[in-house]
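Record features, source TrEMBL:
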type	residues	note
DOMAIN	546-707	domain 'STAS'
TRANSMEM	103-119	transmembrane segment
TRANSMEM	125-149	transmembrane segment
TRANSMEM	156-177	transmembrane segment
TRANSMEM	197-221	transmembrane segment
TRANSMEM	306-327	transmembrane segment
TRANSMEM	364-383	transmembrane segment
TRANSMEM	436-456	transmembrane segment
TRANSMEM	490-516	transmembrane segment
Amino acid sequence: MTSSSDRIFSASSSQISTSFNKGNVNTHLEDKMSASVAVYRNIYTEDRFRQSYGTEDKPRGGGQRFREKIAERCRCSRAACLHLLRERVPIFNWLPKYRLKKWMLGDTIAGLTVGILHIPQGMAFALLTSVAPIYGLYTSFFPVVLYMLFGTGRHVSTGTFAVVSLMTGSVVEQLVPTPLQLNSSSPEAADFEAQRIGVASAVALLSGIMMLCMFGLQLGFLSTYLSEPIVKAFTSAAAFHVTISQLQSMLGLRLPRHTGPFSLFKTLASVIENLPQTNMAELLTSLVCLAILVPVKEVNMRFRQYLRTPIPVEILTVIIATGVAYASSLDSNYDVQIVGHIPAGFPSPRMPALHKLPEVAGDTVAITFVGYAVSVSLAMIYADKHGYSIQPNQELLAHGISNTVSSLFTCFPSSATLATTNILESSGGFTQLSGLFTSLVVLIVLLLIGPLFYFLPKAVLACINVTSLRQMFLQFQDLPDLWRVSKIDFVVWLVTWLSVVVLNVDMGLAIGVVFSMMTVICRTQRAGCSVLGRASNTEIYRPLENHNKCYEVPGVKILTYNGPIYYGNRSFFREDMSRLLGLTPERIRSREKARKALEKREREAVSTVERGVANTSFSSENEFFKSETAESEVQAVLIDCSSVIFVDVAGARLFIQMCIDCQKVGVCIYLANCNESVLRILTSSGLMNYMNPQHIFVTVHDAVMYIQQQKEQTPENTTTVWV
């Protein structure tokens, strides 16, 4: 309940001393800024405020509440089943609300456009994965259908993604390296391809199982550890790996693929060393393709607001290149590498290489995090743009099911893709139904058109890979703004980029995440302690180093710490506090000696009184310390805990030690603005054994008023705040 002495008086100076001119907006704003507020109320400690305004403690009954929650979750009803079905299979939630006339045209056009783009990109990214192009088409079909059923992102296009394909390809090359001499039509070649797709499918299966386990544990928040600078630097650096890895296909070189640390430089050195062996026909094919793809993609980007659908330059290039290669017999006459046989029909289920799961587990963790982080980031970007929300944990379920089920149909890991998602949204897609039309396009190619791409040169797919990374290369344009906004984020970007480029994709990502977390730890360790001063005639307290017109309250040192107090920064916190308060070991020892001397005098005085002789030279301990603190001018230390978000056991013990040290030099400690968790941990750690519970206040100003009134010997029951 509110005390009758709590009163608030508010008055606007513009209403009293000036007349308001309705036509002058600037005068209106100035008048509003000059309004003043006067507050007259009681001084509140935490205990007193809790008694007046806090919630009454309720009996815990934790065991009973836990049993009730379990029983409630175990109840089965028709409504609960329907709710669970709509929540876990979102298509049953949004499909009944589908606006046929408003959304169907946009979803159809966007889905068909993305489906056409999936065909060349799927085959191209299969080369990055070191598997046959047909498996890229499979990976462009199954995940699209499954995400449409289980995903919550309306504008997300799933399928093959360059970075995930590159990481998977590194695993495939490590476990099933490419032999230098291999006849593509021999039985050994078929067995070799089966081994490779078995490993890639095993990675997809394990990645899906990991995502499903993360969904069961509700670990969708883990994607937040991949911050925006990390994701952008990682994808930008991975684009260099993709480009360098495609040089040998663009030049017609038959070289082994390098993996592990410094693989980019090893590949580049190998390409330069073998430049004299370049196949001029494949080089010419690559140059012509780049001359077509790059300008048309630039037109699509610059004039996308005027184009209903972007020009499908990739599929047109594939069709034309296939026709030219067939008519000119480039494979036999000029030794140009072609895609070869693409089987028509639906893939039959096949188990991945389960015996390889232990060997791919470490790399799959990185692939899982990258795929999920990119997918969720894209979903959130377009969800914010179009005013709806996604569920990160449901996204784990959607991508987990997509990868798990797809792996049984010889697919490699999939995720949301940057290029196709951007095209899906810019082409006018509204809902996940666009995925239906995307999958239909891919299905038609699988059943009917696939074998016609037999003569497609691999150099064309390599050019499509390189030109699809345009957005990733353009992320360098964000660096000046990142430097201006946050130097630390800029350094995180730079360290991640260099680590991925110099080492490899997996190790570079791990270094980027660890370095980013280290910057957070360093910032909490070096949070810094400031001395607060009061603005005249207000209850506002600000750091003196930034507000030189504020003044220190006489006899009171007000300190604030701008971060948590835990085992990692307790030494820094103690160092800052000791420096600002002058709690040197020498001073503490000298005061300790004085206290012991005083206790000895007190014992002697007691024994003298017991013998009936009064000792007139005795002075109390309080009087002694008052004289000392008057000399130092600091009689009380007030710690503003408003920025202390948490305290651990080590931090609480440090608080206790600080109280003991301050008591040794005759200084009282007060606390203000403690949140509930901090106050609970401090209390549970025994702080109240060394500190008066009535010295913990709701605000800094309450504590200052209390300290000043105590100095003036004002009774506590009449203390008030007047600002």
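Cβ atoms here come from the backbone N, Cα and C positions, even for glycine.
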Contact between the transmembrane segment (103-119) and the transmembrane segment (197-221) (at least 3 Cβ pairs under 8 Å, separation 6+): no
Positions on the same chain near the transmembrane segment (125-149), where near means CB under 8 A and six or more residues out: 89-91, 118-119, 156-162, 165-166, 168-169, 172-173, 176, 178, 193, 196-197, 200, 242, 245-246, 249, 257, 339-340, 342-343, 347, 398-399, 401-403, 405-406, 409-412, 414, 432-433, 435-436, 438-439, 442-443, 445-446, 450, 453, 456, 458, 461-462, 465
Average model confidence [pLDDT] within the domain 'STAS' (546-707): 78
Which of 156-177, 197-221, 306-327, 436-456, 490-516 contacts the transmembrane segment (364-383) most, counting Cβ pairs under 8 Å: 156-177
Residue numbers, six or more beyond the limits of the transmembrane segment (156-177), whose CB comes under 8 Å of its CB atoms: 114, 118, 121-122, 125-126, 128-131, 136, 139-140, 143-144, 147, 192, 195-196, 199-200, 203-204, 234-235, 238-239, 241-242, 245, 256-257, 259-260, 263, 356, 359-360, 363-364, 366-367, 370-371, 374-375, 378-379, 382, 399, 402, 412-418, 420-421, 423-424, 432, 434-435, 438, 465, 468-469, 504-506
